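> Just dropping this structure here.
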């Protein structure tokens, strides 16, 4: 309540000031324009004895300028009236037609410049052409000096008013109507509150409450930070390490652009020497210079492309590296909240589009800017009048590029988002291809992927339509300007103010100018597409992890292994409304084995996740040897802890590399073999064709479940951790593999603190302490014998497991009995029964 009250009066004051200034300026504009017109009208009647309507001439009349001014005043007067009558609604209406209003102002400016050129031609020979007579004013300088300044003053005044109206319109559309409306609603509340005592409860409910603006979300703040200009600056900032290559490329670019700028001029000179002067010596001289310029341009263009391509390759690698570094530093919760396909899409298509567009567009933009400047300079030298006639259309072209650039940016972001969703589907299917094949679901997955691609195609069609409309408008503007150039240029040639060769040179420059503007428009469109991709990339690069893994400074060489959970409450980022742990507390003594058991989803694995500092608890503390785990350095904490999970992750590398994963420096083969022997992995590894150099395949698909598990155990104990974490390490294995893995684990549990999560009785019954967790709370704690005697949840879980084992035993006996009765072998009977 306090915040809006402090902000809204200032907004309301700004609105009131703009409205008042607009009203006063409309009055001034109307007075000045009408006054100048009346003076001009009186003079015309006094001199010629005829009204302006009878002797209208575009080069000398003021009535058309006055009428367009009245139209402009009427439009902005209607806007002012609408804003005063209905602020909130009118603001939305003005914003919806702001493009039309901007375009209207630009067209008025084009008309004023055309009027200026007509007046220049009209007064150039000191004569005034009327409908019925040719009046010479050479000897009547008083008349000319009276009429001419008034017209020019009126034209200049209209240019000034266009600028002011443009600025006022910009201020109006950038005010927030909701904040303005708040002031009015707040006054209404104060009026209602005066009579609050007499309204009663029923009528008091009808009071209109002030609308509080919602605070900006994190996404909205990110979008504001990485806006159009900010995104472009960030893109260019990534080119800073390659500044020396870019300067070299810019040198070649400058040489090539200047060469291209001089080419049309000397081409026109060649034509002049052929058609006009017929001077063979001058012809050869101009031709030789033209050839030299073209050779220099060709060489510099090739060197420029080489240098920019090299800088592009470096930029691409740098962006991908920075992005990947930022990704791996994020907390685990970030990966829970974001799809893998979205993240990989940032690394692939988005970074590629960023690097390609930014370097290419720097190249194209600088080259064309230089050529535009050079072309305008030469065009002005050849004919300044013709230059004014054509250059005035550039603001309209820029406005078209600006408008369509925003549309391209929006559609580019939609395409990137839809591509990310399609990539996510593809990655999910490819990584789980065995399951897809097992369920014979290839066709459904293909249809699902096609559905995502249709969304991509829909946005691409929308992009094509926008590009088509953009091309039509730009080409129409270009063709119109070419027509105007030929029309006015021909007029100048006929009047001997411009030679034919110079007109041809001018046309070449004008064509080159149009191509440069088109190229810059493509640059703008490309940069908007790159910014659309860059916003997502920079959002990750500049995102600060919610958990600072590198804030700790404590790094002991070895710890005792005392673990304490103290009143820990935690909920996952994706399920913030549901606690996974509720005020949980327990202790693991150094060198002891503690087992966590309980129903699925009770919070057992969450304890390991918190101990590994994958997440931060919302309440409570986790201590290691009496110190918060956040005080340990990131590397040291994870050297003290080693995790063996139910589904160990192996990378598409050799067995040796997987065992030595995460260890700083080179790991000798002797160390690898030693830990492999401890984990019962050495025996099967040496039987492989390439031994420890055998590739495990993606996610270890070339190894069996038991083999992967034993390699994972070897990797865990290579670090010689003080605390060993076992999360269902044997639950998915067959009896033989479980026996080997369990034997390997038993060897390594000595003299270490061990935290076990398991369901099987054989895994936990020998633990020093068993903690039963259900619904995020510690239900029971004690040894196996103690818990069985209590008859609580643990004993029920054990009995249920024993009954399940008894059912399996009876089922197997029935299969054997059927085999004996029917004479089938054991395997056939088992298959038939199953």
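From the backbone N, Cα and C atoms, a Cβ is placed for every residue, glycine too.
Annotations in TrEMBL come from automatic prediction, not curation.
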> For the annotation transmembrane segment in TrEMBL, which listed range does it cover: 190-220, 283-313?
283-313
> Would the transmembrane segment (12-38) and the transmembrane segment (283-313) count as touching if the test is at least 3 Cβ pairs under 8 Å, pairs 6 or more apart?
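Between the transmembrane segment (12-38) and the transmembrane segment (283-313), contact is absent.
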> To the transmembrane segment (376-401), which of 58-84, 150-175, 243-263, 283-313, 464-494 is linked by the most Cβ pairs under 8 Å?
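Between the stretches 58-84, 150-175, 243-263, 283-313, 464-494, 464-494 has the largest tally.
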> Short question: which residues 6 or more past the ends of the transmembrane segment (243-263) have a Cβ under 8 Å from it?
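For the transmembrane segment (243-263), the far contacts come to 290, 293-294, 296-297, 300-301, 303-304, 307-308, 310-311, 314, 362-363, 366-368, 370-371, 374-375, 378, 508, 512.
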